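Asks: Have a look at the structure that comes next, please.
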Amino acid sequence: MLLFSYCIPEASQNIAPMAVLDDTEALKSLQLALKMKQCSKYEKAKKLMQHAMALNPRHPEVLNHYAELLESENIVEADRLYAKALSIAPGHEVATINRRRTAPVVDDIDQQQLDDIDKKMQQLLDCKTPTLKAIVQEVYYQQMHHSLGIEGNTMTIAETKSVAQTGVGIQGKSTRENNEVLGLQVALEYVETLTPNVRFASVPNVHENVTGMKSNINNMKSYIDCMTSNADSSSPNSDCPNFNADSLMPNNNHPTSTAYGLTTSCLMSDVEFATIPNLLQIHQKVLELVDPNVAGVFRKEQVYVGVHVPPPADKVEALTKDLIDWLKSSEARALHPVKRAAIAHYKFAYIHPFVDGNGRTARLLMNLILASAGYPSVIIRKQDKDYYFETLQMATEGDVRPFVRLVARCMQCILDVYLSCSAECDSDACLKILEAKMAGKIDVISL
């Protein structure tokens, strides 16, 4: 099936000699590493094997021996390397034996991670504290900030919040960056209308009048364009049209509205939202203030994402329908919601159905799936984007488990924040916990 195929772009088939896989040098480095290992010089052996991996990261012998060296300290990574060796050389006997040993252990580790998530979820749902209201709101802004930051938006969290709360552009920032914030905000609010009884409501009064909101988008765009173009003026507001940011906020009078907090009301079916029109609507709202010509429209041209070449444009709509069908399948619904959401994100990113805005839309889809199953949104931090992209590439190459673990770790992180806040009476102290998690130099992701 095309959804899981992997190909190298034509442009990369004639790469400089430095990038050509060097079997001879890789095997020389491997042999020397094995000698170091026999002499119990494990650090030297490890460095030599890493060098061999750099020379040829797809050589089955290199993969298998490096995995054997790693197994005692990192069985999860060792199992991944055994699996990769077998995907390249299915008949590799030693890798097969090794994988039979590690796979059950790693499966248990992965299941323990999901069990831990469910345990923390239950603890959180048993908590009732007003402090959580403030932190859920703050998570909403952090989600915007990091999702945009992954794509290169340079706004700080304070600037992101300011634009989202007031509708006023930040002077010194481009029109595009200001409009990216507003577009993602509108998309987030729309997404939450698709899960009307979620346990975690991250936007106040999320049940908005979508028609009324849409009628105000043009006013908002004109206002931001004017503010940005007049940024150097001594009175940049003088000639700009009036715009009330409250016109984009949800309707306060919706009978089932839930403001900033947790509710245990019945959830909608977690596949009711899964339609192509809804995906197109989400993408349209993400991009309509940035590039309205491509917003909500499947791409009609080939695109390239690093070394990954997404499927041809004429396959996009059919593959997106396959994704929707998969989400509704018994196979997908039998998966843990975190696993299902992560795999859906990967599949969407693999298809890359739009010219731009795929990453933001994929993360919105992932969190929509989580919300529909009663889980909070996860935040993939912008400082973790290299590993985020790396695990997506691993999935493209055939092993989606590292990406699932990343999403699961992000879920554990946000649940830890909520649980810490449930024990705090001071909302300021609670916010500091979130800020420390989101801004920390040390990754929360275990590599």
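Even glycines carry a Cβ here, placed using N, Cα and C.
Annotations for this protein, taken from TrEMBL, read as follows:
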- HIS352: active site (ACT_SITE)
- VAL305, GLY306, VAL307, HIS308, ASP356, GLY357, ASN358, GLY359, ARG360, THR361, ALA362, ARG363: ATP binding site (BINDING)
- 274-409: domain 'Fido' (DOMAIN)
- GLU151: site 'Important for autoinhibition of adenylyltransferase activity' (SITE)
Asks: In Å, rounded, how far does the Cα of ASN358 (ATP binding site) sit from the Cα of HIS352 (active site)?
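Replies: Rounded to the nearest whole number, the Cα-Cα distance is 6 Å.
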Asks: Measure from the Cα of GLU151 (site 'Important for autoinhibition of adenylyltransferase activity') to the Cα of every one of the recorded positions VAL305, VAL307, HIS352, ASP356, ALA362, then give the nearest.
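Replies: Going through VAL305, VAL307, HIS352, ASP356, ALA362 one by one, the closest to GLU151 (site 'Important for autoinhibition of adenylyltransferase activity') is ASP356.
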Asks: Using DSSP and three states only, what is ASN358 (ATP binding site)?
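Replies: Once the DSSP labels are grouped into three classes, ASN358 (ATP binding site) ends up as helix.
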Asks: Same chain only, sequence gap of 6 or more: which residues have a CB within under 8 Å of the CB of ALA362 (ATP binding site)?
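Replies: Counting only residues 6 or more apart in sequence, the Cβ neighbours of ALA362 (ATP binding site) under 8 Å are HIS345, PHE348, ALA349.
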Asks: Using all protein chains shown, find which of the recorded positions HIS352, ARG360 scores highest when you count other CB atoms within 10 A of its CB.
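Replies: Counting Cβ neighbours within 10 Å, the top one is ARG360.
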Asks: Taking DSSP states H, G and I as helix and E and B as strand, how many residues of the domain 'Fido' (274-409) are helix, strand and coil?
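Replies: The composition, in the requested order, is 86 helix, 2 strand, 48 coil.
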Asks: Taking only the binding-site residues VAL305, VAL307, ARG360, which one has a CA atom nearest to the CA atom of HIS352 (active site)?
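Replies: Nearest candidate: VAL305.
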Asks: I need the most crowded of these binding-site residues: VAL305, VAL307. Count other C-beta atoms within 10 angstroms of each C-beta and give me the top one.
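Replies: Output for this query is VAL305.
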Asks: Once near-sequence residues are set aside, which residues in the chain of ASP356 (ATP binding site), 6 or more away, have Cβ atoms under 8 Å from its Cβ?
Replies: LEU287, VAL290, ASP291, VAL294
Asks: Is it possible to get the count of other C-beta atoms within 10 angstroms of the C-beta of ASN358 (ATP binding site)?
Replies: 22
Asks: Helix, strand or coil for GLU151 (site 'Important for autoinhibition of adenylyltransferase activity')? Use DSSP.
Replies: coil
